[in-house]
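A quick write-up on the structure given underneath.
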Amino acid sequence: MALTSPGSKPPDECYLRSDDSGIWNGVKAWYIFLLHLIACGLSVFSMIQWIDDRNFYTGSPPSIFQIKHGLYQTQVTGLISVGLVGVRLLAGICTGLLVWRTIFILLEKRGMSLAEISHLSGWRTPVFLVLGSTTGALWSIWAAAVIVLLWPSSFASPLATSSVAWLPSTRLHKATQPIDLVSIANATDWSPILYDEMRYSTIVSTATNTGRDPSYVFNSTNLPLRRYFDASSIPELTTRSVMGLAVPYFDIKLKWVNNATVKNTDRIGAWEYVDVNNNTFSCRSDGAVNFLRDVQWDSNNATPKEAGIFNGTKLVVIKVLTMTKGMKLDDGTIVDEYTPCPTTSSVFGKLPDVGQYQNAIVWSNNQAFSANDCYLIAEASITAGKYAASNCTVSPSGSIDRYATCQTDSHNATLQDDWLRDLALDFLSEALKYTVLQNFTDSYMRNSTVDQYTTGMLTLGYHAAWSALMGRLGNTTETAHFVQAEQVVKAEIERRKLYGWLGMNITLTASAILVYLAQTTSRAKTVRDTALAAMTMELTEVMHSPRAKGLCNAVALNKRDKKLPRLKWKESVATGRGGIEPFGGTAPSEERSCRRRLAFVDETQRQSQGSGIISHKIGIYRPTGYEQI
């Protein structure tokens, strides 16, 4: 259809397109919002399904396109960024369309000032509330809701990117590799345990090993297992590799007993019935744990005669507290030589309800009382031997001495005969003395019950002593196996943040629904191209108005422009959805335009209501005054 008028000069032909009617045109007008919503859902699904709780290589690949052997952390980060940028681009397109559709609807329903149009299209700020008109106020609130719902999607991306945490992890190779570890055959040279100098080195090695991550004996839910070994010839044994190997087995159950039922309590605290070396240094700090022997240790009688499994009992002694003269106890008691040992401890809490052994310490020069040492005594039921363990985790690389740690169920363990069972039980007490003196286990003593601490210390000492003795006395090898681990990073998605990002993008969909509902009441076409929307606006009368001097060639609004009245469409742009009349209406042909004309709203006239469509009396300012439309 072309706009023409009889007797007028031939105008430029303008054909009115019916490109806003029908289902297909409706789909083309709104599909981008559905596409944005689908992209958001796919992003969340992809991150949870293929990134969360997955391992990836550290660093960057040799080639950016290399994905044959799995993705690298940088590639995953890049893919996440690409996805978020894509969603943000779609959100930007949707936002632009919604802004211009909102402008067109408001120009029909309420009117907008030039300042409002500028702020809404440029800064995405809500329009001002129209006072004195219920309809205008409602449309202002509607527009504010539409614009506010557009904001969250603009700054939602940081929430998604910060939801991904990269944690150090390991990944196991599929191949199993054999290695040789030292072992003891039927006949070996026992001389290293016959001489003090050689025993000292074993004790030092044992005490050193007890300081290497002792937490496993205090935090284990099952029976803990560990073996220390020399890995200098096994460079392939990386951190957190998984091993299958023979380990020392030590299972202990404690029963606290009254000191009055124990023979030879006067030997408690004497190194001769505890240590394996002739020690002049016999001091033991609070928290020291040891076995109490009936006789002094004799290297000549300690040589193993055969391999076997130890099943028996031993007396265990733990030094709970040293009460020095004049010390103030937790209950306010001032210590003297008659003060009994307390039943509670600031370290262990409530102690077992048994009589403690109290050993008085006096000054050697004048025999004056100095302190009382308090000891708890327990009867320990012990099972010790050798166990073929599997799924043991190897300690971090970086040192020659390594260890493998695992757990087992003590009720289902099948033990092997062991040459070192008795020697390990003999050596652990002296080594644990130095463990306590060096505070290797001080933090665990303060966070455990006396049962947990005593059991853990003896287990720790046995594993370390057995491993040190094996390294010193071993005369053959046995085959172990391991699966090599490689360092990777594990992605962990904080789903609350990810769902928050999704929710912030869904607000854009809510805004689109509000605009769609308002569009169904509008006679204007649905904007599908923001550039074309601006081109179809006829602003000649506004630009040339005396109230807007210089606006026709301005690049920015000045203070006077921002105070201009609101604008509205001059004529009806349509008679309904699809039936379109000339934009010029009944105006002379030379004043008709293919574009939608805007004019200032005559705010001195009252608003009127008619035919279910809100209409305003509009005046066009001309040099001779207002012309009523």
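Cβ coordinates come from backbone N, Cα and C, glycine included.
A TrEMBL annotation is a machine prediction, not a hand-curated record.
Listed features, source TrEMBL:
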- 30-51: transmembrane segment (TRANSMEM)
- 79-107: transmembrane segment (TRANSMEM)
- 127-151: transmembrane segment (TRANSMEM)
- 498-518: transmembrane segment (TRANSMEM)
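Most Cβ pairs under 8 A with the transmembrane segment (79-107) among the ranges 30-51, 127-151, 498-518 are made by 30-51. When Cβ-Cβ distances below 8 Å are used as the criterion, the transmembrane segment (30-51) is approached by residues 76, 80, 83-84, 86-87, 90-91, 93-94, 97, 160, 163-164, 491, 493, 495, 498-499, 501-502, 505-506, 508-509, 512, 516 of the same chain, each at least six residues removed from its ends. When Cβ-Cβ distances below 8 Å are used as the criterion, the transmembrane segment (127-151) is approached by residues 95, 98-99, 102, 105-106, 109-113, 116, 119-120, 507-508, 510-511, 514-515, 518, 607, 614 of the same chain, each at least six residues removed from its ends.
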